[in-house]
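Report on one structure; see the data block that follows.
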Amino acid sequence: MVNKYISLFLSNFAISLEYRSRVVLDIISTVIGLLVFIVFWIIVYQSKDSIGGLTLSETLLYYSLAPLVGFITKVYIGDQIGSEIRSGYLSSYIIRPARIWYTYFSISLARKAATLLITVPIYLVIVISIVSWQHYNFFTFGGVVAGTLIAILTYLSLFVLDLIIGAIAFWVTDIWWFSHLKQLLFGIFAGMSFPFEFLPEHLQGLFNFLPFKFAYYIPISYLQSTRDLSNLIPDIVQLLVWTVGFTLLAGFVWKKGLIKYDAYGN
């Protein structure tokens with residue numbers, strides 16, 4: 001059984017590498033956006049020493065780490081799941097001696113591995129360049145390990161969230177706007193567009209309660225050592241609670257969805 005998932009992983013890994021031009025274009029657009037942010041914040045900080053307690057060096061490093069962390073945490077399997085439910089291709093997974101969730105996880109993980117193989121070296125050069133330029137020396141081994149661990153656990157959690165989004169196709173013809181809503185929520189609440197320190201205190205409480213923060217803000221904060229390691233265990237517990245909640249909801253939705261799917265003779 002395990003060999004089936006390994007074979008599926010390897011085949012999708014090879015396919016993803018063949019379409020690496022998409023990843024390269026994504027990198028180019030992200031780097032251009034990063035350069036715009038760098039110029040913008042340099043201008044803003046000309047009249048200020050810090051904003052929200054963050055110095056120019058910390059802000060520039062935050063925005064340079066955001067794309068790297070995002071390439072680890074982001075999941076885009078929901079659209080494929082929805083498409084295969086609508087087309088009836090899901091039936092090919094059902095008749096195999098393999099579990100549907102594990103199948104999609106193998107596909108998602110293969111794409112992730114291929115993407116990281118290309119992006120990590122490039123973004124490490126960018127981060128190191130900014131660190132050297134700004135003389136930033138606050139990286140710690142514990143912070144890097146904690147940030148990486150949170151990012152990996154977040155990827156698993158967001159994979160389950162995409163299982164839920166994809167399963168909406170059992171009832172709705174087009175789920176694209178659910179995926180766009182997810183991206184919008186992450187753009188606002190995850191710390192992708194700005195660090196939480198830039199927010200008023202009364203909003204920080206809301207942003208810190210929601211699970212989106214684990215996609216960007218929390219791992220970045222650990223990586224640049226602005227978040228104390230004493231928060232790691234509570235952060236992991238909170239993330240696992242959200243993941244368990246997503247998993248229970250996903251199980252319920254898929255159970256109901258597959259019953260409906262079978263009823264139509266797919």
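Counting begins at 1 with the first residue displayed.
Note that Cβ sites are derived from N, Cα and C of the backbone, with glycine treated the same way.
As given in TrEMBL:
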| type | residues | note |
| --- | --- | --- |
| TRANSMEM | 23-45 | transmembrane segment |
| TRANSMEM | 60-77 | transmembrane segment |
| TRANSMEM | 113-133 | transmembrane segment |
| TRANSMEM | 139-172 | transmembrane segment |
| TRANSMEM | 184-200 | transmembrane segment |
| TRANSMEM | 236-254 | transmembrane segment |
Ranked by Cβ pairs within a distance under 8 Å of the transmembrane segment (184-200), the first of 60-77, 113-133, 139-172, 236-254 is 60-77
Sequence-distant residues near the transmembrane segment (139-172) by C-beta distance (under 8 Å, 6 or more away from its ends) are 69, 72-83, 85-86, 101, 104-105, 108, 112, 131, 178-179, 182, 211, 214-215, 218-225, 227, 229, 232, 235-236, 239-240, 242-243, 246-247, 249-250, 253-254, 256-258, 260-261
Other same-chain positions with a Cβ less than 8 Å from the transmembrane segment (236-254) and lying at least 6 residues past its termini are 100-101, 149-150, 153-154, 156-157, 160-161, 163-164, 167-168, 170, 211, 214
